[in-house]
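According to Swiss-Prot:
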BINDING   8, 9, 10, 11, 12, 13, 14, 15, 16, 117  ATP binding site
BINDING   87, 123, 127, 175, 259, 271  L-citrulline binding site
BINDING   119, 123, 124  L-aspartate binding site
């Protein structure tokens with residue numbers, strides 16, 4: 001039986017180089033699968049044609065934009081998904097969806113192997129391979145860029161040597177990954193932590209200091225899901241796309257961070273995620289008024305753990321599924337409207353309303369009509385601090 005390798009194909013350097021290598025290594029055929037996740041830029045048909053030009057026997061494009069938004073980005077909104085309290089999981093969210101479609105393609109097209117173009121330094125090798133092991137353990141996995149020690153400069157030289165149709169060159173050695181949820185840039189001069197990002201590095205966002213007029217927006221949620229913008233019904237994908245445009249025009253969603261990679265190293269990453277950051281901020285603000293205090297406190301820890309599970313490539317794992325169930329159970333009352341102002345790179349919440357709100361004006365007000373019984377406070381304060389008071393007394397006397 002002929003070996004048939006199903007390759008996750010992005011159209012970039014690593015996976016373009018992988019096609020001729022995989023054909024040679026396995027003495028087989030390569031089926032390239034490209035997933036449209038709303039990354040924009042190059043036409044997906046051009047990507048498909050490039051895969052064929054690089055030697056793939058078949059090249060398949062899957063339009064997964066709505067699926068990505070509804071089944072992967074929406075859970076991230078509900079979980080306020082920010083790894084290390086900053087990174088909105090731009091790449092991490094897309095990997096399990098790519099795994100799913102590669103496995104389906106392998107089943108439909110007689111695939112014996114699956115392959116990716118990830119290096120041995122990154123997180124994506126883990127995300128792909130753990131996903132394959134969880135969902136299709138019989139498929140053999142090949143990672144040519146990692147297992148054959150391809151450095152970026154060697155890959156560029158090889159691509160030029162055999163005239164592979166890719167745009168990357170030694171003078172522009174960035175690694176870029178993007179989808180509708182955001183854009184990630186690494187390597188190149190960014191590896192020196194003292195070098196600031198240059199203006200031409202950004203594509204999803206304008207300079208925050210351009211002086212554009214503030215943009216006020218109202219985002220409506222039902223059960224934690226964004227359902228309308230300024231009163232207009234939208235799908236999750238449409239909400240992300242519109243906030244990408246409007247937030248990006250205001251320079252919202254830029255992030256320059258050093259993150260702790262799963263493989264144990266620290267890596268500098270520059271991200272743009274205007275839609276993700278606006279929707280997560282709005283969702284957090286709505287939870288502030290609709291989720292009870294102790295549940296909200298506990299959920300913050302669950303949100304952080306959920307983000308770590310996704311970042312670590314454990315999308316299909318039992319713990320991740322259980323965290324999903326808990327988070328979904330907290331969203332029943334997360335319904336209402338949040339008004340925000342987007343301006344000069346900032347997201348400012350300035351209005352909140354919900355029929356499910358736990359905010360009681362009569363209890364919160366300091367004016368006439370206050371219904372809060374302050375006579376209860378003295379005893380509450382005494383009991384609340386009693387344990388600490390006793391311990392501190394002991395420590396003073398030692």
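Yeah, the Cβs are placed from backbone N, Cα and C, and that goes for glycine too.
Note that the structure is a prediction, hence the values are computed from the model and not measured.
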Per the record, L-citrulline is bound by 87, 123, 127, 175, 259, 271: how many Å separate the farthest pair of Cα atoms?
19
Measuring CA to CA, name the entry from the binding-site residues 119, 123, 127, 259 that ends up nearest residue 12 (ATP binding site).
119
Compute the C-alpha separation of residue 127 (L-citrulline binding site) from residue 119 (L-aspartate binding site), stating it in Å without decimals.
12
Extra residues within 8 Å (Cβ to Cβ centroid of 8, 9, 10, 11, 12, 13, 14, 15, 16, 117), ATP:
17, 18
Identify all same-chain residues not among 119, 123, 124 whose C-beta atom falls within 8 angstroms of the centroid of the L-aspartate site's C-beta atoms; report them in sequence order.
118, 121, 122, 125, 126, 127, 263
In Å, how large is the greatest distance between any two Cα atoms among 8, 9, 10, 11, 12, 13, 14, 15, 16, 117, the listed binders of ATP?
13
Pick out which of the binding-site residues 16, 119, 175 has the most other Cβ atoms within 10 Å of its own Cβ.
16
If you draw a 10 Å sphere around the Cβ of residue 14 (ATP binding site), how many other Cβ atoms fall inside it, taking every protein chain shown into account?
23
Taking just the CA atoms, what is the gap between residue 124 (L-aspartate binding site) and residue 175 (L-citrulline binding site) in Å?
13
How long is the line from the C-alpha of residue 271 (L-citrulline binding site) to the C-alpha of residue 10 (ATP binding site), rounded to the nearest angstrom?
18
For a quick check of packing: other C-beta atoms within 10 Å of the C-beta of residue 8 (ATP binding site), how many?
23
What Cα-Cα separation, expressed in whole Å, is found between residue 175 (L-citrulline binding site) and residue 14 (ATP binding site)?
10
Would you mind checking how many other C-beta atoms are within 10 angstroms of the C-beta on residue 10 (ATP binding site)?
22
Would you mind listing, in sequence order, the residues at least six apart from residue 259 (L-citrulline binding site) in the same chain with a Cβ closer than 8 Å to its Cβ?
83, 84, 86, 87, 266, 267, 269
